[in-house]
Amino acid sequence: MAPEMNNKLSYGEKKRAYVTFLAGTGDYVKGVVGLAKGLRKTKSKYPLVVAVLPDVPADHRRQLLDQGCVIKEIQPVYPPDNQTQFAMAYYVLNYSKLRIWKFVEYSKLIYLDGDIQVFENIDHLFDLPDGNFYAVKDCFCEKTWSHTPQYKIGYCQQCPDKVTWPESELGPKPPLYFNAGMFVYEPSLPTYYNLLETLKVVPPTPFAEQDFLNMYFKDIYKPIPPVYNLVLAMLWRHPENIELNEAKVVHYCAAGAKPWRFTGQEGNMEREDIKMLVEKWWDIYNDESLDYKNFNVHCGQKEDVHRKPKTLPQFFTDLSEADVLQCAKAPSAA
């Protein structure tokens, strides 16, 4: 499905960056600030690009600029009209992430959700061979997957031998499926336009853009170890597959796990390993020595910062008023 990703810069040194996505007026900006500081702590050589929808307010954009982020405003991407029930209402926003394929001023990008923290340098992932889509395999064991045959029969690709896939009853085993909260990809205009055209003819499914990206890139998907996107549910679903002290990237995607909202009251949030990971996130967020010190004018970005946020269509406005229009996170096993 994916066209050749060969839209390279033909001159100068390859540009690389990390990229994340932010929407709405909620508190998810704290996650992105924390991510920027985490990348700085690991001494990453590359900037953090934040793709923002038009409704992200000026004060949030200023916070991100003050942390050295590059702001790139994008327009929403809407799925075809249908009656799909998304696993979470705000997953519909995630289709806007497709816009990051048009950031062709960069030769390679690593996408990270705003509820992710990077605890060890992962710049080496930029050196993975071109032409592939790299991400970590997801887990099918949480209730958000209850609509799938995998969940119903207890099958998970994290432990495929525990419950084998019944080919005689359900047909061929599903292809490998990644969590779209973190992935390594190459921007490409041909791919970007083909993604948008394909979206017009592929019916939306419960996990929104994550299902779509899995379908689109299935032929070039290459799994990478779970240390590069530790989905928290792995700690209680597949502890045998996890060495917590080796995790380089932690994805705070379980219900109640967002550090800036953490109460410890939701299921599994009383675990000591979860509390430790939340504390590690706060240690980075509160570390003033990690703040980006930039005494120069933010050239070329003033217009984005001071422009009055645009009003999105009524559906997005309704989500915002319901306090769910925030940074779109990838669906996960949690």
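Just so you know, glycine gets a Cβ as well, placed from its N, Cα and C.
Annotated active site per Swiss-Prot: K97, in sequence order, evidence recorded as similarity to another entry. Annotation source Swiss-Prot lists Mn(2+) binding site at D113, D115, H251.
Overlay of Swiss-Prot annotations on the structure.
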residue: K97; record: active site; CB count, 10 Å: 24
residue: D113; record: Mn(2+) binding site; CB count, 10 Å: 26
residue: D115; record: Mn(2+) binding site; CB count, 10 Å: 28
residue: H251; record: Mn(2+) binding site; CB count, 10 Å: 29
So, in DSSP terms, is K97 (active site) helix, strand, or coil? helix
Where does D113 (Mn(2+) binding site) sit by DSSP, helix, strand or coil? coil
Euclidean distance between Cα atoms of K97 (active site) and D115 (Mn(2+) binding site), Å: 15
